[in-house]
Amino acid sequence: MGTVIDSHFLALTATVTIGYQLSFFIITALLRFDKVTDFAGSTNFVILAVLTLVLKGTWHFRQVILSVLVVTWGLRLGFFLLMRILQWGEDRRFDKIRSNLGKLAVFWILQAVWVWTVSLPITVVNASNHNPSLRAADVIGWIMWLVGVVIETTADQQKLAFKNSPENRGKWCDVGLWKVSRHPNYFGEIFLWWGIFVASTPVLEGVEWLVILGPIFLTLLLLFVSGIPLLEKSADKKFGNVTEYVRYKRETSPLIPLPTAIYGNLPSWFKKNFLFEFPFYSRKFPGASKTGIEQARTKAATD
């Protein structure tokens, strides 16, 4: 059962992903029920990992470990997001597109591309006949995954507890890991998937190295498309006139956790070029135009 449609399971996983996401898209479009969106995305990773592992049937130690890591991450995140949306109500991301079938379809297409692309390392590892002995890259990748999943899980729980506290209603989360990163959950997710890629490298040969597109795609997606930009825009719109928020944003790293005493004193060029503090993250500050965060910095300093 080593070959199904193609030797690397790429067509198979694409077909399964399209079918799985299409089924949930139909439910969302017909019932306008978007509470299962994130659950559909996360559990799709689980399906692909288990399916490719079982179909290949070689059960190499590396294949099993990486599959377990992906399944653990997918189930944890999927059920966490499902429980959270059931508790909080409708997903606000769909407020403007829920009744627009075209825009809704674009979102689900992007989610299918996200799942298939980011899953490339585990897909190719599970399809591979190459089984070298364990190397340093394996251990480094597993450690990266562990660090990433601990950060993501901790950040998710801290924000959930913060939001569920009545005294924090109408405030932005700045506790725990959120004191040292504006998006620590995204940092954890990016880091763990780079870990999966690193742990896959011992088996990669030739064109298989293109699986690096998985973590690259995830990183670009969260940095430039559906992750940080949307949340920064929303937070700036809500809290842009609040001095404490302006100071929080100026002193807190957008992604990589860093002490505020260090990050707040770094030059803007360093933040932009090495720490992902892109100017478009501050477009929605009141009155912001060309200078963005620098205007916010001046405002915080003079208030």
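Note that Cβ sites are derived from N, Cα and C of the backbone, with glycine treated the same way.
Annotations in TrEMBL come from automatic prediction, not curation.
Annotated range for transmembrane segment in TrEMBL, selecting from 12-31, 252-271: 12-31.
Nonlocal intrachain contacts for the transmembrane segment (104-127), taken as residues 6+ away from its ends with a CB within less than 8 angstroms of a stretch CB, comprise 2, 7-10, 13-14, 17-18, 21-22, 24-25, 28-29, 37, 40-41, 44-45, 48-49, 52-53, 56, 62-63, 66-67, 70, 94, 97-98, 193, 196-197, 199-200, 203-204, 208, 210-211, 213-215, 217-218, 221, 226.
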